[in-house]
């Protein structure tokens, strides 16, 4: 098993990152370089989280071997009180040979740092640029990142001056490398504590509230009202941008030098707008150089950037609205089925996606009723209690991990108890669960961040390139300080434990933080205690209340604005539900009509074809007799009678449903004129 566990986890983490990227990104529409860069960033960050427990177990085994081979006096001063030297050290099942982990961590760490500080910011500006050529986009990206890179050089220069002025230090390459790592980890730890303080409280509370059916339904109504406002704003913004594009397209003719730029902008517009602009454009009129009303290339670049953003935002709000409708309909079905006497879950609308036959066989309506109406609320409550216990352990350990005698950090206590018995499976599971919980608290907060609709991770392939690159950049900055904080909680970091024990391979590549004592002995130890204040603020929803006072509507049960938005969202859901029910009723009527009269029409057509074949054969055998005109007259009369039968209206005829069917409108068969075309559609104003 030497190195096998490392190889299996490398493969598993790759497919995990690929699955998550497929859920949020769009492989077909987005650029390949964006997909590859984001996948690499997510993959490297997830690798650190999954491989670090293996590094901890291997380090504990190596410490045991050193303790056994050393003298008793040295073993007494070691990190853990060990048994006599006669005791044999057991090799862990996931043991990684010496020399592999340092190289592995060095490649992973420096690649992720190159992505987060150099490549991904440049690709962000490149993807957001509205230039029409590669050179123009690169120029825009360099200009935007000049201030960005200058800020980092200023911070690094400040650290460098501090070390150069201090006479205790002799500047060497390793120390310069340590200064750069310390600067990056300091910035990451500053943001990490803010996100962690929110996630430690919000994740258990969200699962506890998930057991409240009425709470989830009211919150869904609230989201519907806010999303409808955003959806209307996105549609209005798109209309304004498309109007500007139309004016530009009409002013710049086919032989204008900037016409290629206009064509590039038109390709980014929705299909219906492209067709509308194509009908209104007159390419036969030449442009006049004497006119001064033509837009410049700089204005076209700005317009191109606005088109990309508005189209993507409009598409995202449309998809999110459909997803929110499905969620609201399902929660309303759960509320109705809770009082069902049959104990079988009944859906108002059938799922539009085809269900798996295996899942459909086991997940019957009865099983679904017991899970949704009885078991799921209790499962969410138990899960919320477990997550709350984890949060308490993490908060206590963050406040006490600097104490080594006695050891107060609960995470360090659990690891040291397992270390004495060499229970490597327990050590790896405890390390993995702890760092996985920390990652969930931080990463889930990252996925929920929404900065003025400019950066937003949306599922169902609706995340734009800029947000994907920003998330990869943020992950690469947060993961290294997160892992260092975890090693501090377990006292595996020599800077925290104040011992000469063998460090982990991950800690060894970071260098000794003693070069910057005010960071190693001050910021890294006392700043994580701020998580207590952030948890208290999150528990009392101070941030939510402040945003609500600033005008950003948040879901608060005691707010009058929240009640108004809930009522508005409930009315919106009711209208959409009625519209969908009418659509399904129309489809059911069409289906019944086809089943009732489809066979009769087919038999009539077969009879007519057989009659025409007999008449044509009779006319061929009697070519000298003038009977062909009578045969044609009879055939035409028969065809007219059949067409009248086909065009007859059934008793439950609905003109709206028939005209909305694309199959009927595009079939190309004969459609009668007269009063049937002039009849107005029924129920045309019901949705107003």
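Placed from the backbone N, Cα and C atoms, the Cβ positions cover glycine too.
For 222-254, the entry in Swiss-Prot reads coiled coil, with the evidence type sequence analysis.
Marked as compositional bias 'Basic and acidic residues' by Swiss-Prot: 600-617 (among others).
Feature annotation from Swiss-Prot assigns compositional bias 'Basic and acidic residues' to 635-644 (among others).
For 600-673, the entry in Swiss-Prot reads region 'Disordered'.
Per-residue confidence over the topological domain 'Cytoplasmic' (22-32) averages out at a pLDDT of 86. Residues or ranges marked as topological domain 'Cytoplasmic' by Swiss-Prot: 22-32 (among others).
What Swiss-Prot records for 121-144 (among others) is topological domain 'Cytoplasmic', and it gives sequence analysis as the kind of evidence.
Per Swiss-Prot, the feature topological domain 'Cytoplasmic' maps to 202-381 (among others); the stated evidence is sequence analysis.
The topological domain 'Cytoplasmic' feature in Swiss-Prot is assigned to 448-467 (among others).
Per Swiss-Prot, the feature topological domain 'Cytoplasmic' maps to 537-688 (among others); the stated evidence is sequence analysis.
Residues or ranges marked as transmembrane segment by Swiss-Prot on the basis of sequence analysis: 4-21 (among others).
The feature transmembrane segment is assigned by Swiss-Prot to 33-53 (among others).
Per Swiss-Prot, the feature transmembrane segment maps to 100-120 (among others); the stated evidence is sequence analysis.
Sequence annotations record features per position, and here Swiss-Prot assigns transmembrane segment to 145-165 (among others).
Listed as Cβ neighbours of the transmembrane segment (181-201) (distance under 8 Å, sequence separation of 6 or more from its ends, same chain) are residues 113, 117, 155-156, 159, 391, 394-395, 438, 440-442, 444-446, 477-478, 480-482, 484-485, 510-511, 513, 515-516, 519, 523-524, 527-528, 530-531, 533-535, 537-539, 543. According to Swiss-Prot, the transmembrane segment annotation covers 181-201 (among others).
For 382-402 (among others), the entry in Swiss-Prot reads transmembrane segment.
Summarising the annotation, Swiss-Prot assigns transmembrane segment to 427-447 (among others). Taking Cβ pairs closer than 8 Å, the transmembrane segment (427-447) reaches residues 49-50, 52-54, 56-57, 60, 92, 94, 192, 195-196, 198-200, 202-203, 387, 390-391, 394, 411, 414-415, 418-419, 457, 471, 474-475, 478-479, 482-483, 485-486, 489-490 in its own chain, all 6 or more past its ends.
Same-chain residues lying 6 or more positions outside the topological domain 'Cytoplasmic' (22-32) and placing a CB less than 8 Å from one of its CB atoms are 38, 127, 457-463, 465, 468. Listed stretches 33-53, 100-120, 382-402, 468-488 were compared with the transmembrane segment (4-21); the greatest number of C-beta pairs under 8 angstroms is found for 33-53. Long-range Cβ contacts of the transmembrane segment (382-402) within its own chain (Cβ-Cβ under 8 Å, at least 6 residues beyond either end) map to 196, 200-201, 203-205, 207-208, 210-211, 408-412, 434, 437-438, 441, 485, 488-489, 491, 496, 525-526, 528-529, 531-532, 535. Within the same chain, residues 31, 33-34, 37, 260-261, 264, 297, 300-306, 308, 465-466, 469-470, 473 sit at least 6 positions outside the topological domain 'Cytoplasmic' (121-144) and bring their C-beta atoms closer than 8 Å to a C-beta of that stretch.
Counting residues per DSSP class in helix, strand and coil order gives 19 helix, 0 strand, 5 coil for the topological domain 'Cytoplasmic' (121-144).
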